[in-house]
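Reading through the structure tokens given below for one structure.
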């Protein structure tokens, strides 16, 4: 490979490079750390989307670096490790796409390609399906309505709703199954505010309906 494109650096040149770019690299790493640490859907959807882009780029960048290491390995041991890491990275990257496509088929939501989690919370509010990622496999989900603003697990979904608009069932879609949560408790705090608790009641191989249906038996369709 042409050394003019990939020049060989000695230790002094590397130290000089770090001295010149140390401040910029520090700022970039600080921003990335803050975004990864505080990027949650319950805080800022914009910051969370940036976080998802950063996480999404990590695997292809890793694959590029491992392939690069295969061409510039220090010895045969490093070459073998670089090839192994390249294979592992590519396999995991392919599995990510396979699982994301399967989840997309189940939900029809682009949140299926979220690199952080394969759990998607789905709630039908007056015929409009909201889909948002949830990090953990919760046994209960909490829906809160505050002066018409709807929140699920602290994540704001929309406005103009009342407690009466809350459905009887909420689902969490996974790659393998669809978990159904049934409303077990509802408490009205005032005219426009209150909350409801949904408890996991059913797990099966289902997909979300493409349109609103009446009744739970028709709302869950076999995949």
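Residue 1 is the first one shown; counting continues down the chain.
Using the three backbone atoms N, Cα and C, a Cβ is placed for every residue, glycine included.
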Query raised in the report: Looking at Swiss-Prot, is residue 126 on the same side of the membrane as residue 16?
Result: no
**Report entry** For the topological domain 'Intravirion' (42-51), residues assigned helix / strand / coil by DSSP
**Finding:** 7 helix, 0 strand, 3 coil
